[in-house]
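Read the structure below first, then the notes.
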Amino acid sequence: MGRPDPEEGQLPAPVKPPDGGWGWIVLLGCFVITGFSYAFPKAVSVYFKELMKDFHVGYSDTAWISSIMLAMLYGTGPVCSIMVNQFGCRPVMLIGGLLASAGMILASFTTNIIELYLTAGVLTGLGMALNFQPSLIMLGTYFDKRRPLANGLAAAGSPVFLSSLSPLGQVLLEKFGWRGGFLIMGGLLLNCCTCGAVMRPLDMGMKRKMGKAQDKYEAKEMLPIGGKSEEGISTTDGTKKGKKAKKKPKKGKKLLDFSIFSNRGFIIYTISKFILVLGLFVPPILLVNYAKDTGVPDTEAAFLLSIIGFIDIFARPACGMVAGLKWVRPHVAYLFSFSMLFNGLTDICSARASNYTGLVIFCVFFGISYGMVGALQFEVLMAIVGSQKFSSAIGLVLLIEAFAVLIGPPSAGRLVDALKNYEVIFYLAGSEVVLSALFLGVASYCCLNRGKKEPPPENKPSAGGGSDTEEAESDVQEAEERSSDNHQPAHSTDNAVVVANEEPNHVAEEQRGEGGGCPAGDGEVLARDGCNADQMVERDSF
């Protein structure tokens with residue numbers, strides 16, 4: 001019998017999230033990636049007026065650029081999940097940074113709107129998708145107790161970058177034109193590669209090396225000094241090598257786990273997010289053009305997005321802190337439903353804003369509600385499925401949301417071209433968001449009542465992390481069962497070394513099954529040192 005080893009095809013013991021340390025650097029990288037992923041499609045809307053003049057197209061045609069970016073960000077979710085499960089987060093993010101930058105650089109040389117769709121839309125959107133999803137997975141790996149706060153701080157990257165990229169885009173447009181602005185924006189996206197480089201995975205290899213070194217140290221302490229000690233250590237190494245040769249080849253990891261569709265909470269969350277995305281991105285995408293059509297100067301119109309971003313900067317971390325409270329975290333789904341309801345009512349109540357003051361008031365309340373939605377959306381998903389299934393869950397959710405992204409903003413643009421009236425657009429978008437909030441709240445309440453009728457589990461998980469605890473216990477149990485199946489009797493010297501290598505509870509169970517006590521021969525050595533099985537269990541338990 002031996003310690004479960006991932007190299008031997010067994011499930012490794014789950015690594016406890018550090019909730020700090022290098023995790024703060026990972027959080028900073030996730031902050032930048034989130035900023036580019038969400039703010040960039042909105043900031044590009046600053047160039048739409050010039051694109052309409054150069055390519056002789058309408059609102060709906062230019063709105064497709066932002067929609068394709070967001071659709072690639074969402075629609076390639078399963079592809080990102082498969083690549084992350086196969087190659088890891090860091091290589092995928094490095095490739096994504098290069099693709100995002102190349103897309104904007106090539107877009108600066110385009111001669112028609114179709115080429116712009118393929119470069120700035122498809123290529124840049126794909127690059128940002130390959131950065132966005134792995135960064136969230138790494139964030140969930142490094143944080144557990146502080147995960148709501150970490151999600152809130154990372155989500156704050158979106159408003160920070162939105163408040164910066166929008167005025168920067170206006171300045172670049174005035175000085176270099178839209179082609180020069182796209183070229184410079186492509187250079188800025190190379191920072192995604194730097195963020196990918198700092199996504200260091202939690203090292204299981206170091207933990208295994210420390211375990212092997214501790215085994216040898218315990219063997220030296222248990223066996224007498226001299227040739228017998230060296231013989232015991234060499235026997236230990238030889239036994240492990242022999243076991244590795246006899247192990248069955250390890251099973252391949254699931255590239256995409258569809259079992260999450262059996263989770264009712266996941267189904268409710270996915271449906272509500274689909275309805276939400278239909279109207280959530282419409283107001284910020286059309287806001288700049290709406291302000292310009294009402295007579296607001298271009299610079300002040302672009303500043304409206306900065307107002308949303310500035311309010312959003314404080315709303316997201318604050319909402320993350322509130323969601324992390326002990327009495328709030330078990331009910332985080334209801335807080336998410338309230339934030340969506342707040343956002344939808346803001347759109348409806350501000351539909352008749354016809355001057356700059358009214359638009360500023362709208363931006364303030366929209367920034368608060370939008371920040372709450374952004375801070376909670378992935379925290380709710382992590383709480384529903386757990387961090388181990390999060391890579392598959394987020395990929396499938398983003399794929400479903402991609403269809404809503406392709407429907408929402410382009411349809412709103414066509415309505416603008418047909419009706420020449422933004423009031424209907426705001427009413428429609430707000431109604432969709434309100435509907436998603438009501439669905440999530442009512443459906444979650446119904447499922448919660450059903451769950452109360454079911455018998456509670458023996459070990460109640462901590463709030464917000466139930467799925468992780470259950471999966472960890474099942475993984476360890478499966479690993480112990482595999483290790484017990486592969487156990488074979490060894491010689492007396494091997495038995496002495498195995499006693500040193502086994503975990504205390506496992507040793508106690510094993511030796512009780514064999515009749516207890518120390519093995520013959522070398523048992524005298526253990527007796528002299530006072531290290532029988534029961535004493536080892538009692539000592540190590542402290």
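Yeah, the Cβs are placed from backbone N, Cα and C, and that goes for glycine too.
As recorded in TrEMBL, the features of this protein are as follows:
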TRANSMEM  21-40  transmembrane segment
DOMAIN    23-448  domain 'Major facilitator superfamily (MFS) profile'
TRANSMEM  63-84  transmembrane segment
TRANSMEM  91-110  transmembrane segment
TRANSMEM  116-137  transmembrane segment
TRANSMEM  181-202  transmembrane segment
REGION    228-248  region 'Disordered'
TRANSMEM  266-291  transmembrane segment
TRANSMEM  303-325  transmembrane segment
TRANSMEM  332-353  transmembrane segment
TRANSMEM  359-378  transmembrane segment
TRANSMEM  390-412  transmembrane segment
TRANSMEM  424-448  transmembrane segment
REGION    453-526  region 'Disordered'
COMPBIAS  468-478  compositional bias 'Acidic residues'
COMPBIAS  486-495  compositional bias 'Polar residues'
COMPBIAS  503-513  compositional bias 'Basic and acidic residues'
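Residues of the same chain lying 6 or more positions beyond the ends of the transmembrane segment (332-353) and with a Cβ under 8 Å from any Cβ of it are 148, 265, 269, 272, 276, 279-280, 283, 319, 322-323, 359, 361-362, 365-366, 368-370, 372-373, 376-377, 379-380, 383-384, 422-423, 426-427, 429-438, 440-441, 444, 464. Same-chain residues lying 6+ beyond the ends of the transmembrane segment (91-110) with a Cβ under 8 Å from its Cβ atoms: 33, 36, 80, 83-84, 116, 119-120, 122-131, 134-135, 179-180, 182-183, 185-187, 189-197, 199. The transmembrane segment (424-448) and the transmembrane segment (266-291) are in contact, since at least 3 Cβ pairs between them lie under 8 Å (pairs 6 or more apart in sequence). Sequence-distant residue pairs (6 or more apart) of the transmembrane segment (390-412) and the transmembrane segment (116-137) include at least 3 whose Cβ atoms are under 8 Å, placing the two stretches in contact. Among the listed stretches 63-84, 116-137, 181-202, 303-325, 359-378, the one sharing the most Cβ pairs under 8 Å with the transmembrane segment (266-291) is 359-378.
In the predicted model, the domain 'Major facilitator superfamily (MFS) profile' (23-448) has a mean pLDDT of 82. Sequence-remote contacts of a segment are chain residues at least 6 beyond its ends whose Cβ falls under 8 Å from one of its Cβ atoms, and for the transmembrane segment (21-40) they are 69, 73, 93, 100, 124, 128-129, 131-132, 135-136, 138-139, 142-143, 150, 153-162, 165-166, 185, 189, 191-192, 194-196, 198-200, 309, 374.
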